[in-house]
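Per Swiss-Prot, these features apply:
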DISULFID  Cys20-Cys103  disulfide bond
DOMAIN    20-103  domain 'Apple 1'
DISULFID  Cys46-Cys76  disulfide bond
DISULFID  Cys50-Cys56  disulfide bond
CARBOHYD  Asn90  N-linked glycosylation site
DOMAIN    110-193  domain 'Apple 2'
CARBOHYD  Asn126  N-linked glycosylation site
DISULFID  Cys136-Cys165  disulfide bond
DISULFID  Cys140-Cys146  disulfide bond
DISULFID  Cys200-Cys283  disulfide bond
DISULFID  Cys230-Cys236  disulfide bond
DISULFID  Cys291-Cys374  disulfide bond
DOMAIN    291-374  domain 'Apple 4'
DOMAIN    388-623  domain 'Peptidase S1'
DISULFID  Cys416-Cys432  disulfide bond
ACT_SITE  His431  active site, charge relay system
CARBOHYD  Asn450  N-linked glycosylation site
ACT_SITE  Asp480  active site, charge relay system
CARBOHYD  Asn491  N-linked glycosylation site
DISULFID  Cys514-Cys581  disulfide bond
DISULFID  Cys545-Cys560  disulfide bond
BINDING   Ala547, Gly548, Tyr549, Arg550  heparin binding site
DISULFID  Cys571-Cys599  disulfide bond
ACT_SITE  Ser575  active site, charge relay system
Amino acid sequence: MTLLYQMVHFALFASVAGECVTTLFQDACFKGGDITVAFAPNAKHCQIICTHHPRCLLFTFMTESSSEDPTKWYTCILKDSVTETLPMVNMTGAISGYSSKQCLHHISACSKDMYVDLNMKGMNYNSSLAQSARECQQRCTDDTHCHFFTFATRHFPSIKDRNTCLLKNTQTGTPTSITKLHEVVSGFSLKSCGLSNLACIRDIFPRTAFVDITIDTVMAPDPFVCRSICTHHPSCLFFTFLSEEWPTASERNLCLLKTSSSGLPSARFRKNRAFSGFSLQHCQHSVPVFCHSSFYRNTDFLGEELDIVDADSHEACQKTCTNSIRCQFFTYSPSQESCNGGKGKCYLKLSANGSPTKILHGTGSISGYTLRLCKMDNVCTTKIKTRIVGGTQSVHGEWPWQITLHVTSPTQRHLCGGAIIGNQWILTAAHCFNEVKSPNVLRVYSGILNQSEIKEDTSFFGVQEIIIHDQYEKAESGYDIALLKLETAMNYTDSQWPICLPSKGDRNVMYTECWVTGWGYRKLRDKIQNTLQKAKVPLMTNEECQAGYREHRITSKMVCAGYREGGKDACKGDSGGPLSCKHNEVWHLVGITSWGEGCGQRERPGVYSNVVEYVDWILEKTQGP
């Protein structure tokens, strides 16, 4: 079948510029604007590739029916346009769409789908036997160099190749081509899903240079940006950053992206003014997107200029850059004149790879990056402006991840607390459901401060599924943790926002600011409170906690918080609610309110499910196939 071009333009032009368009247009092709061509197993994956490409705004994907030439099948054509859109023409078998950079919802590079009868081609560097495609996928996920895989089933025509798991990679991280092949299954590494078991090394080592193969060099203002660039480069495993004080002027601010056959540096040398570290691609549930809110003073980022506008401040300049979909970074030059009202010049810029082409210092300017991609990160890491006010009563928006879980039978009432951890997921305590027989009687209310706000017409989320840890027996024995899957996904707002799960790599973090929140009793014989209560509580070692609960065993699955002298504590009605701790300006869900003796009794701290110990279980249930 030949390509069918019918020059019939769709009415889809400037009206969509800068807007979020999620529709995929069947039998349609964007005309012009080609940047590069990749290969993808379907249009949705092509959209993911476009979204994470520094310049792609639109794409066209070619299905099998688009051409009689199989080499053109599965091509993903990435496109750009100064007007942010392109004319669209009819083309049989083509599917077109827009990058999700314009969208406010969470975007992930995670792709768990399996593609039956597709052979995704690349360099086959490892071959082994596996029992299933899932086993092969996990093997790829746990291999440092693997980008994608192909598994030959037990019905594969060649007997000697049956159950073979081929691990593959390419320079770009995407297949070099995709062909039809019966009795094979292909898929991608799940590293970007946060499901790798490889070691996660978060340290950045000062006065250190790594050797081995340098696969690319880019400009970066600091080692943290360099690490982000390495993390999102398909082949970068570790990096060395040369600071602005590096003795060779032409090499200053260079970010050297590196790899090795072993996956680790073969040697490291002491070098002043150099910093080295590792990609975070292997880190579980914490792979960040390129999001940097820092301002770099007395610094000029060079690149292709998109526009020059007036701005009151560097913050306003960054906002303008963020609101311009093609802007990747900016430089703000403060005004030296008083006649223009103090406005400075805001230079909006971009480059082929999303990084400055050169970085100059001592210019008096202030530079930084767009925040547009920050929403694509695990949104919980956004440094939301929560303010902890005095007293014991919370205010609106103070704890945007806190929910109140109501049961409607026999009469509607507050049952437990819980925490938003995803747009369709609530983490709470298993013991809340000891008497609940069906999710149909549950309602989740978010953004609520006072229970009295809840009326018959107050919007809520229905619960599709209750997932209780299969090892749960009773709260005092541990495993007191449960997930609620909502019937519909929520949109994030200032009063409805997820909290981060703690990373398994952060087990030794010393949290110094922890708060427990809920509508529970303030004393043993009391009633549910109308206004959301809060209490700042210190974490306690399990040994200290065990001393107060000799009749129970305090395990690593539990974490305790409270004061030795008693007083502030969680109580009845707080169950399932969050123990929220702040670290590096990011809030983490350290505990889920589980059990305790009394309310705020001396040497009887509150006992919480230790969330970090359940991260794998949470990810399995919320991100599993």
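Placement of Cβ uses the backbone N, Cα and C atoms for every residue, glycine included.
Structural mapping of features recorded in Swiss-Prot.
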| residue | record | Cβ neighbours (10 Å) |
| --- | --- | --- |
| Cys20 | disulfide bond | 13 |
| Cys46 | disulfide bond | 28 |
| Cys76 | disulfide bond | 27 |
| Cys136 | disulfide bond | 27 |
| Cys140 | disulfide bond | 28 |
| Cys230 | disulfide bond | 30 |
| Cys416 | disulfide bond | 29 |
| Asn450 | N-linked glycosylation site | 14 |
| Asn491 | N-linked glycosylation site | 9 |
| Arg550 | heparin binding site | 8 |
Near-site residues: heparin, ref Ala547, Gly548, Tyr549, Arg550, CB cutoff 8 A to centroid: Cys545, Gln546, Glu551, His552, Ile554, Glu603, Arg604
Of the recorded positions listed as His431, Asp480, Gly548, Arg550, the one whose CA lies nearest the CA of Cys236 (disulfide bond): Asp480
C-alpha spacing of Cys514 (disulfide bond) relative to Cys50 (disulfide bond), in angstrom: 40
Cys283 (disulfide bond) to Ala547 (heparin binding site) - Cα separation in whole Å: 35
Neighbouring C-beta atoms (10 Å sphere around the C-beta of Cys165 (disulfide bond)): 23
Per DSSP, three-state class assigned to Cys46 (disulfide bond): helix
Nearest recorded site to Cys76 (disulfide bond) by CA-CA distance, among recorded positions His431, Asp480, Gly548, Arg550, Ser575: Asp480
DSSP-derived helix, strand and coil totals, residue by residue, for the domain 'Apple 2' (110-193): 15 helix, 37 strand, 32 coil
For the recorded positions Cys545, Ala547, the one whose C-beta sees the most other C-beta atoms within 10 angstroms: Cys545
Nearest-integer angstrom distance between the alpha carbons (Cα) of Cys165 (disulfide bond) and Asn126 (N-linked glycosylation site): 8
Proximal residue to Cys432 (disulfide bond) among recorded positions Asp480, Ala547, Gly548, Tyr549, Ser575 (C-alpha distance): Ser575
Cα distance (Å, whole number) from Asp480 (active site, charge relay system) to His431 (active site, charge relay system): 6
Length of the line joining the Cα atoms of Cys20 (disulfide bond) and Asn126 (N-linked glycosylation site), in Å: 41
Where Cys581 (disulfide bond) falls in three-state DSSP terms: strand
For the domain 'Apple 4' (291-374), the number of residues DSSP places in helix, strand and coil: 13 helix, 39 strand, 32 coil
Neighbours of Cys416 (disulfide bond) among the binding-site residues Ala547, Gly548, Tyr549 (Cα to Cα, within 10 Å): none
Local confidence of the domain 'Peptidase S1' (388-623) - pLDDT mean: 86
